[in-house]
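Chemist: Supplied in structure tokens, the structure appears directly below.
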Amino acid sequence: MGEVVDAGKKEANGSLADLNPTVVFVLGGPGSGKGTQCANIVQHFGFTHLSAGDLLRAEIKSGSENGTMISNMIKEGKIVPSEVTIKLLERAMLENGNDKFLIDGFPRNEENRAAFEAVTKIEPSFVLFFDCSDEEMERRLLGRNQGREDDNIETIRKRFKVFQDSSLPVIEYYNSKGKVRKIDAGRPVEEVYESVKAIFEPKNEKCCFPAPAPTPAIVTKISDPMSIEANNNNDAGDGGFSIFDQESELFLSLLGLTKYDILKES
Ligand SMILES: Nc1ncnc2c1ncn2[C@@H]1O[C@H](COP(=O)(O)OP(=O)(O)O)[C@@H](O)[C@H]1O
Ligand SMILES: Nc1ccn([C@H]2C[C@H](O)[C@@H](COP(=O)(O)OP(=O)(O)O)O2)c(=O)n1
């Protein structure tokens, strides 16, 4: 394995802080269908798909100084140091010009997650998690036929272990923040996409106010799941995004109510 060299050869103009992009992390085991479903989301929802694995493979092909190190790590099913992957992601986002990104296969471990947050100051709007059994993923990877050096049974088993040990804790971290949207990815492609689409489609939520509606406004109607950030909270378990902020919850408590009383009514 070689030394890590600065991967940012070509600096694009501007900064990610200026761009302030919407980011959705797409996670799931190897072969769970992340790339397949990202292609569908791109077609229908205007996102740009950035696959960390594709960026790393392109870096190997480009003859970069890090190429050998990256190639060796991928063959071993290991995770490439964050500084390399993050540089590639930053550069791709800045060069692209879009402000909505699906970041596929990243963050894959705690180091990836913490470093990305520290460097870019970007918090994902949510995390799409493709949940699939090892048996099904193994079947898919062995049939993928893209000539990938890591799609052999020995490396596949190593990748599954790395996913269990290093990637699942990242998903658990985001789950504790109410940011995970879990999809049963063991079904046929079209069925999986139906579930994915439902997450990205604007919602037409009916919101119910206790009458008369007092100030401060208790409920903010969210018509677009991408606006979670604007609403500035991350509530788990109520269909993917929250319609309550802390001030509203405090106000409800003064009335002897909770947000669940309001949700029951809607
Ligand atoms: N729902 C599915 N059912 C069956 N095969 C699938 C499904 N989704 C993807 N595949 C196939 O499985 C392989 C791995 O899918 P891919 O999208 O590359 O996974 P990932 O990006 O998670 O590694 C590909 O050959 C793809 O065509
Ligand atoms: N954040 C990442 C993403 C991928 N990699 C490396 C290690 C992974 O086993 C390979 C392949 O990742 P990719 O996302 O393309 O493919 P799979 O989800 O494993 O099918 O790339 C990495 O080191 N760090």
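Backbone N, Cα and C define each Cβ position, glycine as well.
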Chemist: Say TrEMBL lists K78, I79, V80, G105, F106, P107, R108, R148, R159 as binding ribonucleoside 5'-phosphate: which of R57, R181, R187 is in the same site, per that record?
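Modeler: Of R57, R181, R187, R57 joins K78, I79, V80, G105, F106, P107, R108, R148, R159 in the ribonucleoside 5'-phosphate site that TrEMBL records.
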Chemist: Looking at TrEMBL, G31, S32, G33, K34, G35, T36, R187 are annotated for ATP. Which of R91, R144 sits in that same site?
Modeler: R144
Chemist: List every residue in the same chain as N112 (CMP binding site), at least 6 positions away in sequence, whose Cβ is under 8 Å from its Cβ.
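Modeler: I79, S82, T85, I86, F106, V170 - these are the non-local Cβ neighbours of N112 (CMP binding site), listed in sequence order.
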Chemist: Measuring CA to CA, name the entry from the binding-site residues R57, G105, P107 that ends up nearest G35 (ATP binding site).
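Modeler: Smallest Cα separation from G35 (ATP binding site) among R57, G105, P107: G105.
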Chemist: According to DSSP, does K34 (ATP binding site) sit in a helix, a strand, or coil?
Modeler: helix
